[in-house]
Structures are given as structure tokens and as C-alpha cells.
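What follows is one structure encoded as C-alpha cells, with my remarks underneath.
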Amino acid sequence: MDENKKRALSAALSQIEKQFGKGSVMRMGDRVIEAVEVIPTGSLMLDIALGIGGLPKGRVVEIYGPESSGKTTLTLQAIAQCQKNGGTAAFIDAEHALDPIYAAKLGVNVDDLLLSQPDTGEQALEIADMLVRSGSVDIVVVDSVAALTPKAEIEGEMGDQLPGLQARLMSQALRKLTGNIKRSNTLVVFINQLRMKIGVMMPGQSPEVTTGGNALKFYASVRLDIRRIGAIKKGDEIIGNQTKIKVVKNKLAPPFKQVVTEILYGEGISREGELIDMGVEAKLVDKAGAWYSYGDERIGQGKDNARTYLRDNPQVATRLEAELREKFQPAEAPREAGDDEDKE
């Protein structure tokens, strides 16, 4: 750059700093690029698929899927992990359907959980914004976007047609929220539902669409599609769901990774089941017929017995998890991801 341009740039930068404050514009090389802070999801498989070890703080995350697919379970497990690490969590229950007994079973400290059950969508998003701006909450979950009913709709008649009202509400709220989320380093998770598009579809195009317009798709740094793909049985009794989670969008690591995990009724995501499946894949756990072995020790005949063994011997499970993290999770992934994101 020639001297005249340098002087002009220097004058412009000093004018900007004078008008808008120090640090309002800076060279990327002047600050240290730090690793992205994350909150673990409670699923080792998903943490690894996300490429950064969990859900990123200071970002918007969307989790969507059909009914009873495990959306709320996944967010409650993330809340439990956040609380275990000393963080503060808030749950904005627009659906008015949170079960505190189930949340406690998943490891959530219900006494410390901040809960709001707002009357309108505007109230829900205003509460979320105030919690984010406080800078003292680590994770805010909004359950769900579909239940964020605009005030005009609540005050109107049952059959009133108010097209695009919810989409406008979400678009306005996200414009306001994103800057505050980044500044306070809060993770905001929106749970969303699926609807079917009515009308003629193009071949190969999905008829499914998420509620609340397109704004959330753009503002979200991570989007997760979660679906039930089968049942887990113990004899004739169904004890849980086999669940597929796909990383549909990821601004911090390569997207489109997918994992198949198990959600057990009353327990949530089966940590021990994941350790066994990943251990077999990584050849750390040996599977001979129905028997599973880890090291020199047989840990059970059949997956259910192996799962019980790991639950009863937490030191073995912890050792296996440490080996799997070392094998699957590159140590420098978060730093590179943060670096790439900031260069965009």
C-alpha cells in the first residue's frame, strides 16, 4: 500500500475510533484468535460429529425434527452438562410442557434452572434478550419456535388470517439478539418443529419445512436434524429409541456429518451404548459373536449386559471415553474452526 493510502486509512481508523470507541475496528492480526468455547451435548458421538466438541457459545443453534424425536431431551442434556461445568442455564418453555421430574432424571439441577413460561412470543423473545444481555447466563433454550405465538394472534379471533406474523417476529428478534449473543458469549438454542409444504413439489425436494420463516436458518451457526429411526428392545419391551442426528449446517467445522445414537426412556442419550458402538468401530472394544471385551476383560454378553457393566464400573467407562476422545477428536480442531470463522 502506498504512503497516501496508508495515511488515509490511518486517518479513517482514528476517526472511527474517536466516533464509535476503541476497538470498533481493528486488524485481525492485532488480537489473539482463541478456541471456540463449547458446551458438550451429553452425546460423545455428536460432540465429535460437530467437530469442535459441543455446541458453540456466543452463537445461535437450531435443533429440529418430528414429534417425539428427542429434541427437548438433547437440549436438557446440554443444560445438564453446562450446569456440571458450573454454568447457569435458562429454559424458556413456550410450549408449557417441561417435565421437571424427567429433566432431573437427565441430570439437570432443577433447583438452579431458570424457567420462564411466557404468554406471548414477544414476551418470550424479550425475556431471552434480557437474559442474554445480563451476560451471566451460559445457555438459553427456547422450546419451541412453533409455540412463539404473536400477541396479535392471541388477542384475535380463532379463524383470523395473519400471514407471515410469526416469521416477522423471529426475523426482528434475531436481528436484535445476534449482536448481544456474541458480546455476552451465550449459547442460544431454538427448538423447532416440522410442517409439510402444501402444493406441488419438485422431484427430489423435501416437502418438510421448519416453522417461523427463514431468518433462523440464516442466523444459526449450527442446525441439527434429529429423527427417530427405530426402537430399542429388551426382550419384547421397548426401552428406548434409536435416533439419527444429522449436522445440517455448521459454520465452525465441516457439516453433513451424521450419527446414530440411542435415547433410553427415563435416562436420555445412552452414554454407555455410544462408548460400546464407538469402541467397536475404533477396535478398542472387541466383539466376538454376542460377547464384548475391552482390554483383557469380558464386559458382557449382548449389548445390554455390556452397557450395564460400564454403568456399574464408571472408571472403565471413563478410561474408554478418554481413549475414544484421543482417537476421534483432533486437539487443534476448535482453534482452527474459530480461526476460519473469523476470517470469513
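Numbering starts at 1 and runs along the chain as it is shown here.
Cβ coordinates are placed from backbone N, Cα and C, and glycine is handled just like the others.
Quick look at what Swiss-Prot annotates:
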type	residues	note
BINDING	Gly65, Pro66, Glu67, Ser68, Ser69, Gly70, Lys71, Thr72	ATP binding site
COMPBIAS	323-337	compositional bias 'Basic and acidic residues'
REGION	323-344	region 'Disordered'
Next on the checklist: Name them in sequence order: residues not among Gly65, Pro66, Glu67, Ser68, Ser69, Gly70, Lys71, Thr72 whose Cβ is within 8 Å of the mean position of the Cβ atoms defining the ATP site.
Outcome noted: Ile226, Arg227, Arg228
Checklist entry - What is the number of other Cβ atoms found within 10 Å of the Cβ of Ser69 (ATP binding site)? => result 22
Checklist entry - Which state, by DSSP, holds Lys71 (ATP binding site): helix, strand or coil? => result helix
Item to check | In the chain carrying Gly70 (ATP binding site), residues 6 or more apart in sequence that have Cβ under 8 angstroms from it | outcome: Ile226, Arg228, Asn241, Thr243, Ile263, Ile269
Checklist entry - In sequence order, what residues of the same chain, 6+ apart, have a Cβ less than 8 Å from the Cβ of Pro66 (ATP binding site)? => result Leu194, Arg227, Arg228
Checklist outcome for this item: Most isolated by CB count within 10 A, of the binding-site residues Ser68, Thr72, is Ser68
Item to check | Under 8 Å by Cβ from Lys71 (ATP binding site), same chain, sequence gap 6 or more | outcome: Ile63, Tyr64, Gly65, Asp143, Ser144, Ile191, Ile226
Checklist entry - Which residue, of the binding-site residues Gly65, Glu67, has its CB surrounded by the fewest other CB atoms within 10 A? => result Glu67
Checklist outcome for this item: DSSP output for Pro66 (ATP binding site) maps to coil
